[in-house]
Amino acid sequence: MLREEAAQKRKEKEPGMALPQGHLTFRDVAIEFSLEEWKCLDPTQRALYRAMMLENYRNLHSVDISSKCMMKKFSSTAQGNTEVDTGTLERHESHHIGDFCFQKIGKDIHDFEFQWQEDKRNSHEATMTQIKKLTGSTDRYDRRHPGNKPIKDQLGLSFHSHLPELHIFQTKGKVGNQVEKSINDASSVLTSQRISSRPKIHISNNYENNFFHSSLLTLKQEVHIREKSFQCNESGKAFNCSSLLRKHQIIYLGGKQYKCDVCGKVFNQKRYLACHHRCHTGEKPYKCNECGKVFNQQSNLASHHRLHTGEKPYKCEECDKVFSRKSNLERHRRIHTGEKPYKCKVCEKAFRRDSHLTQHTRIHTGEKPYKCNECGKAFSGQSTLIHHQAIHGIGKLYKCNDCHKVFSNATTIANHWRIHNEERSYKCNKCGKFFRRRSYLVVHWRTHTGEKPYKCNECGKTFHHNSALVIHKAIHTGEKPYKCNECGKTFRHNSALVIHKAIHTGEKPYKCNECGKVFNQQATLARHHRLHTGEKPYKCEECDTVFSRKSHHETHKRIHTGEKPYKCDDFDEAFSQASSYAKQRRIHMGEKHHKCDDCGKAFTSHSHRIRHQRIHTGQKSYKCHKRGKVFS
């Protein structure tokens with residue numbers, strides 16, 4: 001009896017161990033989460049809840065109304081565990097709780113622990129099913145005995161009269177630290193914010209020492225009282241979890257697609273469509289303060305700004321080349337790896353860029369979404385349209401400060417600058433020739449291997465690169481879409497038109513250092529330079545004849561093959577050379593484009609006009625070495 005009084009005095013001195021004042025049911029202590037709230041808890045918070053539920057039900061299972069309750073109190077010091085003090089507390093009250101079966105609760109605890117471990121092993125999300133099963137044990141008793149006092153109320157009187165004793169079983173060492181860590185993690189990680197219509201749970205401050213209970217109560221109250229901060233921009237609906245917001249967006253946006261009225265492209269968010277629509281409207285709200293250039297996206301402005309600052313933060317680990325954009329670095333890396341992740345489903349051709357695949361796919365579909373407003377011609381790629389619009393004088397022109405040559409886009413002039421800077425990074429290992437771009441080296445390499453992957457479906461002729469095939473196809477179709485605004489002459493390719501325009505402007509930016517002769521294009525200068533060096537790089541494999549020009553080599557080959565690809569529809573006559581075909585066409589059509597400036601006489605060919613002009617000038621260029629006589 002004295003021992004019991006001493007134990008009672010020690011218990012009263014300990015802070016927070018006073019018995020509860022007033023009636024408290026078991027339901028008030030057993031905190032429950034709804035399914036929506038449960039999904040918002042992270043694994044550490046769920047583990048904390050599990051520990052609380054198991055602790056409560058184990059204590060409930062251990063209560064024996066008619067027996068004594070043994071209590072062990074563990075205390076710790078800085079040096080370690082101290083001696084265990086054991087006391088006996090006899091129960092003075094006895095409560096009859098009917099035929100409630102404590103063994104049933106024990107089985108539910110075992111099933112709950114087993115199911116929890118199975119869910120963890122199978123990486124499944126723990127559900128509330130087993131937790132509800134525990135509280136259902138008391139609910140089922142109440143339904144079976146409607147005449148008796150609710151079991152939860154009776155358990156509340158019995159169970160909570162010993163709550164201070166049960167609290168002593170909670171260790172203040174390792175487990176306490178782990179739970180405290182879980183609570184700290186919960187306060188930092190918890191993002192679920194929700195206003196609940198359910199009544200708030202109030203509990204006496206005397207239970208603050210019950211660490212599990214107070215921690216879970218705090219967690220529960222935070223879930224209830226915080227605002228919803230995750231809002232869907234499309235529907236305006238708010239959520240207390242980012243995961244719930246994502247699920248909502250998938251459901252809401254899954255059936256709601258935004259389609260572009262111009263090109264038919266579909267987007268799942270309205271802001272993406274608005275951004276895309278600027279491509280068609282030409283709207284560019286973002287302006288560079290340095291040069292005044294405008295952009296349709298803020299990210300493009302940020303990337304452009306690095307051109308002024310010279311910042312290139314992205315570096316290739318293979319060749320140390322630096323880039324101003326991360327996307328350019330990723331694209332460049334594929335040169336080293338040889339990766340071509342974008343594959344055509346029709347012909348299985350692979351590409352390094354998604355844009356190249358998109359443009360290539362239009363070859364199969366025949367789609368040409370980019371239309372010229374001047375002439376109505378449509379193109380499969382936007383860059384091709386921009387290049388075409390230069391014919392009409394549309395768009396910004398870029399002028400080279402060194403040779404004053406004009407270009408239709410910034411990329412072309414950047415490549416042109418390398419001519420003056422002699423920046424040639426790519427070298428052919430076979431002949432030692434340098435190239436400004438890797439694509440040029442790839443095309444050049446085919447001259448050594450003899451590879452000609454591009455084939456004409458009309459005549460079966462093959463070519464080293466696609467551009468040559470495109471130019472060749474115009475021979476069969478007769479199409480000449482490029483027209484000179486000065487004289488009305490038409491051409492099959494834009495490069496031919498550019499060369500022709502130099503006749504009217506008189507512009508000849510390329511000068512020969514040997515003889516001072518000037519030319520309107522670099523290729524003509526390179527061809528002329530072979531006259532001084534005597535270089536003849538093109539050799540006939542049949543007769544070993546060499547040529548200084550590739551075109552002469554190609555024309556010569558037809559002597560051996562007998563090929564005559566140029567056919568006159570009027571007289572069913574074929575020619576091996578395009579010039580012969582064109583001359584014959586003028587004869588049939590009566591066209592005489594070449595006019596003498598002195599007498600006004602017109603001729604069908606340029607060579608005929610030159611020969612005629614010698615009559616006026618008196619020039620006699622051809623001399624007989626045997627007799628010394630000269631002729632015009």
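Backbone N, Cα and C define each Cβ position, glycine as well.
According to Swiss-Prot, the features are:
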DOMAIN    24-99  domain 'KRAB'
CROSSLNK  LYS220  SUMO2 cross-link
ZN_FING   230-252  zinc finger
ZN_FING   258-280  zinc finger
ZN_FING   286-308  zinc finger
ZN_FING   314-336  zinc finger
ZN_FING   342-364  zinc finger
ZN_FING   370-392  zinc finger
ZN_FING   398-420  zinc finger
ZN_FING   426-448  zinc finger
ZN_FING   454-476  zinc finger
ZN_FING   482-504  zinc finger
ZN_FING   510-532  zinc finger
ZN_FING   538-560  zinc finger
Please indicate, using numbers and ranges, the residues of the same chain that are 6 or more beyond the zinc finger (314-336) and have a C-beta under 8 Å from a C-beta there.
303, 306-307, 352-353, 438
Top Cβ-contact partner of the zinc finger (370-392) among 286-308, 482-504, 538-560 (pairs under 8 Å):
482-504
Determine how many residues of the zinc finger (258-280) DSSP places in helix, in strand and in coil.
11 helix, 4 strand, 8 coil
Residues of the zinc finger (482-504) by DSSP state, where helix covers H, G and I:
11 helix, 4 strand, 8 coil
Who are the chain neighbours of the zinc finger (342-364) in space, where the CB to CB distance is under 8 Å and they lie at least 6 residues beyond its ends?
331, 334-335, 380-381
Tally of DSSP helical, extended and coil residues in the zinc finger (286-308):
11 helix, 4 strand, 8 coil
